[in-house]
């Protein structure tokens, strides 16, 4: 019984040791990683973003940022460890070694007469007949009597002097550091213990597994419902205009789960009046159009009106309940738009190509939602294919200001960026009517806007040309520069209430046939991941081409330096189509900024495959067909459109002229691209 009590007392120490082994190193690693993070602010510093409160470090914001699941679990485990340490300290007692001479107050080797004298002296002090104190009685029985017996009995004394114990040599005792209630099990407690073991070891994992499987059956890896993907796949069409993408976007099952309350009717009616001009209704039959609009599913009506409230800055008219739904929809929008983009790019044709037109529309919708700019602002006006939308994302800008600066021949955002600082400040303050503080906010945002450079090559590995049916390797270096000097940054988005990272989509597409040959998502936020990916891709490419180890290492080092300087490597493969000349375009589209996209024209010549497997064509000539300065027809200035067109839309007549047929003399097989704004 004493041994079991001693083992039970060691159980808290056992638990403390098991907890401390992983907890202490994990805490140290987490603290070091937290201190090693750069303190540089990567978000916009303009006054509009500051007033939005999205980046304000209040005490509640700090607590919210800290209150992650992992951090709270870490704090809870340290609290448990502290409680265990306090409990062990309070309940621990020193293990007393049985020393007969010390108990009797004698020196080792004392004579029998001295032992008897000491025993009599202590008996007078602790004997129950002399001292009624219960503690004195226990001490006399447990210690004094046993010590006297151990020293007066010849065998016991010999054992003590030889082995340190009156009973002689002691065997090794082992125990299990478990609570005493687990070691003393009777009928009732045994049943309770059995139920506890079954619940903790069988039922709890089974319940967690059922919850996980039910959730995984409902959601994808990006936490988007499978029902949403089915709806997006069904409603996605190759000719889907950018202005119609919103109609597909609101079909998400996540929006269907947001309740439509009876109390929402009147506020939604008022919101409808405020955003009616943005709903693409036929003004000639406005009553019929309104009736048709309200006959839609109530969830679709609510979703579209709330998205329009974001685009038109009308969220202040929402009730608290609608405001919560509004924020929920905006929180879900980035990942829903990403899945909608994937549905546009999913292989649909026999060649495995996606659709370009709806993909561009999805990116444009994402830009408008993040920047809170109406879709109608993309109407072609003032000689700009993007309309006034790029200007409206700047702080303090309005359509009236855009018209004022257009009189000074500043019709595009690029025109504004190309001006010198002095001329731009003069334009903003004297022509647009902004104050110096507001003009400074515009400068801050312009410095945060990304400027992209795309360097693209397409070639067949180990061959001098591209023949039909070859596997073509596309290699693209995308370089990002900002006036602020940052590479990874958060976009200026004061009206989007959540943190949003910049993402870019690289699309190698044929604008004439509406086919996307290669697509990939690109991010500039994580440099370490980009270095790893670029190093691996370059190493595999060099090893496949038979390069030496020295050449491979040099190429990898060069790639790493390019990534550190703000570039990202994108690799892709596609099968060469039939013989001909293909005029392709590499689109680099940003999902957060309007007017920062990049187009690069690329001409690829595909040679006919010979019967004997040899390659035809003038292989001795240059292998790159470069298309520099491709002229684009200027679009005529129009004041009003019933619907806006994407900045990437092209006329059908131009498409017919650019159809590929014949072979260009003197052209090789590989292809490189040239930037075209």
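Glycine too: its Cβ is placed from the backbone N, Cα and C atoms.
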(request) Please find, within the list 43-65, 66-88, the residue stretch that TrEMBL describes as transmembrane segment. (result) 66-88
(message) Can you identify, from 192-213, 214-235, 236-257, the stretch that TrEMBL calls transmembrane segment?
(response) 192-213
(message) For the domain 'J' (99-164), how many residues does DSSP put in helix, in strand and in coil?
(response) 49 helix, 0 strand, 17 coil
